[in-house]
Amino acid sequence: MLKAPEPDLELTEKLQIFAAVHWRGIVTVGVPIILLPILYMTNPTEPHHYAAYCLCVMACFWVTECIPLAITSFLPVIIFPFAGVLSTGEVCQAYMNDTLIMFIGSMILAYSVEQSGLHKRLAYFAIKLIGYSHVKLLLAVCIVTTFVSMWITNTAATTMMVPINFAILKVFEDQRLLKIYDKTKDGDSVASDITVCYFCAITYSATIGGIGTLVGTATNLAFKGLFVAPQSAVAKKVKITPEGMKAAERSVKEDSAKLGKITFWEIMVIILFGGAMVLFFSRSPQVFKGWGDAIKDYFELEDAKYVRDSALAAFVMFLMFLLPSTLDFFKNFTAKYHEELPKTCVESVLSWPKIVSVMPYSFSFLLGGGFALSEAAKKSGLNEKIGEALSNLKSLPNVLILLIIIIVVIFFTNFASNVAIVNVFAPIFMQLAKQIDQNPLWYCVTAGFTASYCFLLPVGTPGNLVVQSAAKIETGKMIKAGLVPTIATIIITWLASYLYAPVIWPDIKSLPDWAK
């Protein structure tokens, strides 16, 4: 029997199908065209127009992920030399620097915990000690990360928690209580909602702990922004029933027993990884003379940051590839018979072939793209133009100016490094304060704290990149998870800067003599 012919597709239906299938291509081609007016705001086109154009295009590409994130990060290499903004050499230097080495080093340190199996032992210990509910575990994860990040870099604190998070989630996945990864329509593995929750919790806690304020409340704040509420759809979906808790408890006890005594490999990782954490803190802690300060004084150097954390991370990495994971090589000296001699070489604490197969190097380019944008904004004069635009705020009341400062800094700090944003905006807002007879310290402190609030995009801080690359978190999910913490920190910082800052610094409401 012949089938009736299908009706012809209408033009609107064709367009809908085309948009649904080829939306990435449409965004990739359409966004640069739509944003072209940025280049022709004045005649002739100035370098800062190209910097603003590149920033807007990259922002759209990063948010939509219409092309791979790392590929988007190379747009400055293409645009800036041809537009006369930065030379090729200047742009490329942004893609390999101190922060990038620290990012790569932190990731490798985390893999040492995973390769040795130490993360399983730590996870089992944490679960047995804290409990079997997500609320208890998440709260503990947030508190630990927040506290640790007050003493070491945010990147190192986040990295330390990555393998522990994976081990905790794996315990529950083995009991079929949750899934660590979901499958997309294309068959790719991406982080599930509960995975996003756990991993965003550690990077947000590290960010908040890094500024050394609001420790307890901020931990709860990060948790609230991720889980929203105990009755949220995600919470209901992954809620662990009493039967599930009992099954998980049995599994943890059995698997923990199988691990046996702690191995030499794990001990080496504890010594090297733990030693790195201590040395990160003691490099230049300000409260006492650190080993970095001693090196600076010994060589009579003026640069206070001559030795940075990246040097230490590289040194510990080197030791992990050099030192053995077992003591079997001693059998070469103690063996009495040929059969007792080792037949294979001793594996080092870290295996380079294994690292190469799993290391997400491409994510380091996101940081490089952010640094390139920051350098272009400074060299092209885009920062000055932004400052001129902000000078129009003179007529507004001070309370609104503080709010605008917070919103502007939070927006830009999600596209570039925190330090770069402070270096860019602090002088601008201090100059604005002088023009409207306000204390420059007020605006500088507000901008300085706000520059740490990178909750939306991975490129804003290495910690976000660590969790996105390790857990395969989609940018859209990270934006969704970070929206509530961003809004909450805007409100809290606004109230604190306007009401609490004058309590800490009573003279902050008056213009100092040096600023007149």
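Every residue, even glycine, has its Cβ placed from backbone N, Cα and C.
TrEMBL lists 20-40, 52-82, 94-113, 134-152, 262-281, 311-330, 398-428, 440-460, 481-501 with the feature transmembrane segment. Per TrEMBL, the feature domain 'Citrate transporter-like' maps to 61-448.
Within its own chain, the transmembrane segment (440-460) is flanked in space by residues 62-63, 69, 73, 204, 207-208, 210-211, 213, 225, 363, 366-367, 369-370, 401-402, 405-406, 409-410, 413-419, 421-422, 425-426, 429-434, 468, 473, 475, 478-479, 481-483, 485-486, 489-490, 493, 497, 501, 505, 508-509, 512, 515, which lie at least six positions past its ends and keep a Cβ under 8 Å from the stretch. The transmembrane segment (134-152) is not in contact with the transmembrane segment (94-113), judged by fewer than 3 CB-CB distances under 8 Å for residue pairs 6 or more apart in sequence. For the transmembrane segment (94-113), the residues of the chain that approach it from at least six positions outside its boundaries are 76-77, 119, 122, 153, 155-156, 158-160, 162-164, 269, 272-273, 276, 308-310, 313-314, 316-317, 320, 349-350, 354-355, 358-361, 363-365, 367-369, 371-372, 374-375, 417, 462, 465-466, 469-470, judged by C-beta separation under 8 angstroms. Mean pLDDT, taken over the domain 'Citrate transporter-like' (61-448), works out to 78 on the 0 to 100 scale.
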